[in-house]
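Only one structure is covered here, and it is reproduced in the block below.
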């Protein structure tokens, strides 16, 4: 619809008339703008951050539903179907019967003692979700819960990644980390709908335990340390990859002790997490006393005793005023501690109390060990060394952002950034040794890459603001100088015009 045309400079141009629909849209946009809510700047930032997290949460869930949408809701592969059978038995018979169940159909004709040969965390988690939904009067089948458990926990992992990135760097890095881990193929491949396996909940438990432990180290809070111990217990109940946690955390504590970063916060966090986590982990029948007898767990125990020595030396240093006397005492104590530890380790190994490392653990340190000594481990395709193409397909651009994130972490070293650097480097090494461990490296790569993105964008914005500020200052100076020069010129002209008539009158009088 066009309005009446009026001639302008000899030409007639039509004037568009705004329709009621356009007015309604503009009014709707104005009514839902942030300015109309009259929120403060921090409240607006919080609203935007929560909105982004909600979108990322939904994105992480729906990107893992393609198998269900394209085909049907079903359990994939053999191990997930066995997990589904055990979960179905748990929901029908109860936890006590499940824990003492002898399954004659598995490992036929020998059978299988279920409670002592699996990690029950996945089954118990799905059963709790099922019972909760039934309590809320949702008529769902346990199969649907099992199919959607992995996407649900992948969405929860994005929330944990946000808080972990915020604890390590800032909230911007947390948001980027949540978005990256939601769509990273290295994690999607093990958390799609229907992949009802231990890794579906284990990566959430892994990242949750690491976040709680770093939070405990940063704050020195006993509550966060207790929470990290319970997170470790959940990880032990869910997946055998808990060995990575119980070796990485002592290694991290050892690095902090060597670099002179020992503090009471670290003492509280590690001791509480190790002691309570060890006692809880021993309640899992599949682990049992391996936590204090296996060679894979001896590093954590050794660092625990080393922490007591450090605390004792710190107390003695406080009591002694003589520095030379303390140095002599330090040498004697360190020599005695190392000697006693070596003797205890040797006697325990020789007597068989401390069991040696497993073949899978040896193959992580020496990639050729399984091929030469235990061919059945090397025959599994997941245990093969990783090809370069796998890194590219699973990480994409994160391969280039990862070194940049390490640079920013080394540039701003702290207890938290040291942990994420160690997590990233060790997990990338293990991912190169074994294909399946790309899954463990994915959260670290996403977090470190998020630090690179956040730090780069922040530095660019600071640079642009500085340039704009310099330009505004220069323009303001130019305007000020122009105004002052114009004022001087006008003053000079005024004086000239004011004195000119007077001089003319004086000259006329003289002539007269």
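Each residue, glycine too, has its Cβ placed from N, Cα and C.
According to TrEMBL, the features are:
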REGION    1-22  region 'Disordered'
TRANSMEM  46-66  transmembrane segment
DOMAIN    50-448  domain 'Oligosaccharyl transferase STT3 N-terminal'
TRANSMEM  113-133  transmembrane segment
TRANSMEM  145-165  transmembrane segment
TRANSMEM  171-189  transmembrane segment
TRANSMEM  201-227  transmembrane segment
TRANSMEM  239-259  transmembrane segment
TRANSMEM  266-286  transmembrane segment
TRANSMEM  298-316  transmembrane segment
TRANSMEM  328-354  transmembrane segment
TRANSMEM  391-409  transmembrane segment
TRANSMEM  416-432  transmembrane segment
TRANSMEM  438-457  transmembrane segment
Contact set, same chain, for the transmembrane segment (328-354): CB under 8 Å, 6 or more residues outside the stretch: 293-295, 298, 302, 305-306, 309, 312-313, 316, 320
Arithmetic mean of per-residue pLDDT over the domain 'Oligosaccharyl transferase STT3 N-terminal' (50-448): 89
Contact yes or no, the transmembrane segment (239-259) and the transmembrane segment (46-66), 3+ Cβ pairs under 8 Å, gap 6+: no
Listed stretch, out of 113-133, 145-165, 266-286, 416-432, 438-457, that has the most CB pairs under 8 angstroms to the transmembrane segment (391-409): 438-457
Surrounding residues of the transmembrane segment (438-457) on its own chain - C-beta under 8 Å, 6+ positions past either end: 157, 161, 164-165, 168-170, 172-177, 180-181, 184, 186-187, 189-190, 199, 203, 206-207, 241, 244, 386, 390-391, 394-395, 398, 401-402, 404-409, 420-421, 423-424, 427-428, 430-431
Highest-contact recorded stretch vs the transmembrane segment (145-165), from 46-66, 113-133, 298-316, 416-432, CB pairs under 8 Å: 46-66
Long-range Cβ neighbours of the transmembrane segment (266-286) (under 8 Å; 6 or more residues past either end): 99, 115-120, 213, 216-217, 220-222, 224-226, 228-230, 232-233, 236-237, 242, 246, 249-250, 253, 256, 292, 300, 303-304, 307, 310-311, 415
Tertiary contacts of the transmembrane segment (113-133) (same chain, 6+ residues out, Cβ under 8 Å): 83, 86-87, 90-91, 95, 98-103, 106, 140, 142, 145-146, 149, 152, 196-198, 200-202, 205, 234-240, 284-286
